[in-house]
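If you check Swiss-Prot, you get these features:
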- 35-42, 62-66, 80-83, 147-150, 180-182: GTP binding site (BINDING)
- SER42, THR64: Mg(2+) binding site (BINDING)
- 27-201: domain 'EngB-type G' (DOMAIN)
Amino acid sequence: MARQTYNYHVTHFVTSAPDIRHLPEDTGIEVAFAGRSNAGKSSALNTLTNQKSLARTSKTPGRTQLINLFEVEDGIRLVDLPGYGYAEVPEEMKRKWQQALGEYLQKRQCLKGLVVLMDIRHPLKDLDQQMIAWAVEVGLPVLLLLTKADKLASGARKAQLNMVREAVLPFMGDIQVDAFSSLKKFGVDKLRDKLDTWFSEITPQQADKDDDPSIGE
């Protein structure tokens, strides 16, 4: 099937949900964005969609406590998962977030890809590795975006990229690693290309046909 290209600039907010049970129907295709509270996840979504405030950026990390859904077009959604790993969030709340994240990654059938964002200077913290492990466990492809890449000189950036690529080999999953900078618009094309690929693998129309037993009888 030929790969489609999508216009991410028309992406719009649909709804927020505290957990998987409150999400809309499990149809179409979703790609989720996950990352530590200060990894630049909201900034990356805003850069991708060319909208300054699609995903709210907060000066106080850890504010995104809900699963936020955005629609690119009918049946094609980007999902902003709760930021994790912020020290000042109470333990009970942390546990709830991690449970919601794990449940979403492992049970949401329309989820077709996971983007994990990590500060290029501090990659692969324990919770980042947990997200990757959950995704690989269910056969989900992963794009690791090393954010804030403008903070490092070219040589150091390449060294970090190579280090992370080596470090994720033991996960044995479909994992791609790229550098990204919202500030310099660095890596946006690669992100867009990967999303186009994931969203083109099965169209919502095909998904509906697959679900309808009367078709093809």
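Glycine is no exception: its Cβ is also placed from the backbone N, Cα and C atoms.
Model, not experiment: these values are computed from the prediction.
Here the features listed in Swiss-Prot are painted onto the structure.
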residue: GLY35; record: GTP binding site; DSSP (3 states): strand
residue: LYS41; record: GTP binding site; DSSP (3 states): helix
residue: LEU66; record: GTP binding site; DSSP (3 states): coil
residue: PRO82; record: GTP binding site; DSSP (3 states): coil
residue: LYS148; record: GTP binding site; DSSP (3 states): coil
residue: PHE180; record: GTP binding site; DSSP (3 states): coil
Under 8 Å by Cβ from LYS148 (GTP binding site), counting only residues of that chain that are 6 or more apart
GLY40, ASP119, ILE120, ARG121, SER181, LEU183
What is the separation, in Å, between the Cα atoms of PRO82 (GTP binding site) and SER42 (Mg(2+) binding site)?
10
Residue among binding-site residues ASN38, SER42 with least C-beta crowding, 10 angstrom cut-off:
ASN38
Rounded to the nearest Å - Cα separation of SER42 (Mg(2+) binding site) and LEU66 (GTP binding site)
13
Neighbour tally for PHE180 (GTP binding site), based on other Cβ positions within 10 Å of its Cβ
28
Tally every other Cβ atom lying within 10 Å of the Cβ atom of LEU66 (GTP binding site).
17
Neighbour count (Cβ, 10 Å) for GLY35 (GTP binding site)
28
